[in-house]
Amino acid sequence: RGLWEVFFLDGMMLPAIGEGDSAKKRLVRVGIAGQIVSLCLVGTSGSSALLARRGWTMPMLQSFLTYLCIGVFYSGLVLYRGQDASGIRGGVMTSGMDARMIGVFLAFAISDVEANFTIVKAYQFTNLTSVTLLDCFTIPCVVCLSAVFLGARYTWVHGAGVVTAVAGLILLVYTDLKAAEGEVPPPSPGNGGKRVLGDVLTLVAATLYAVSNIMQEHLTGIDDWRKVLAGLGIAASGISGLQCLFLEYDSIAFYPWSFVDLLLLSSYVACLFAIYTLVPQILMLSGATFLNLSLLTSDFWAVLFGVTVLKETVQWTYFVSFAATVAGIVIYHSKGEPVKSGGGSREEE
């Protein structure tokens, strides 16, 4: 297979893992793709943290450029593949959309836009390590949303895992409360007393990402993932573009642009574009459990990046929080994905 096939795997051509004689080979390929996504997550986090240290205050511009690239690329790809153009305009279904489906898609686009905006904004107040670990709050949010909207049935093992992970997050917030009192150096100049605000923004972003993930799981289950991305790119670029115009016009106009800024911005867009491209394909080939286990390594890489590149001060409580958070997620996934009665996952297919 060429480079095109590596980045644009066709879920209809490659059967689910466990079928056929080449299941082990496909497992390795999906595992490698998961680690690529993990490293890309560190790329987006590192780029945002470095931009924040340079005085960058335009998180919506980062999102707008990413969604614009996604919309233009995947709209063109869907047209090139001969898909019905109405599927792009509607965003998902070629056979028409009722009010409920329009609402689901809009919730997907809005939650995704605001999640990306909020998580980038958080880097202006807290450090990379805190954002990385607190972002795991997405797990308990997904648990609640899945139970309510997808009819997921959880076991006590799932609950124990969530409680353990949340305990780690609470310890991290406590550490940052101490940092705000001046016990550890501030994450960036002028923001010494606002680290907790960064934690709160990260928790809000994690909640919005959970909503986005539930919507994406539903939408990719009923139509081609390329059309879903095309619709997301078009809708989200419009939403983020308007917010960028009203909230960041002056910042864009008067910002002292440099080659380093453009390089970091391009790195962020490229990494996030790769994430949006690979995640739905990994979900189709292996399911959410394998994906989330693969992405656990992003926490390790992000902490390593923060300590070595950003020279952040890491307290011993960070390691305890990291261990508790990872242990909770591993406990949760040790029982496998919960059974969903409101629309089966791809793992069940």
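Each residue, glycine too, has its Cβ placed from N, Cα and C.
Record features, source TrEMBL:
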TRANSMEM  64-81  transmembrane segment
TRANSMEM  101-119  transmembrane segment
TRANSMEM  131-150  transmembrane segment
TRANSMEM  156-175  transmembrane segment
TRANSMEM  196-216  transmembrane segment
TRANSMEM  228-247  transmembrane segment
TRANSMEM  254-276  transmembrane segment
TRANSMEM  282-304  transmembrane segment
TRANSMEM  316-334  transmembrane segment
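Ranking 101-119, 131-150, 228-247, 316-334 by CB pairs under 8 A with the transmembrane segment (64-81) puts 228-247 at the top. By the Cβ criterion (under 8 Å, sequence separation of 6 or more), the transmembrane segment (156-175) is not in contact with the transmembrane segment (254-276), since fewer than 3 such pairs are found.
Counting residues 6+ beyond its ends, the transmembrane segment (101-119) has Cβ neighbours under 8 Å at 48, 59-60, 62-63, 66-67, 91-93, 131, 135, 201-202, 204-206, 208-209, 211-212, 215-216, 218-219, 231-232, 235-236, 239-240, 243, 272 in the same chain.
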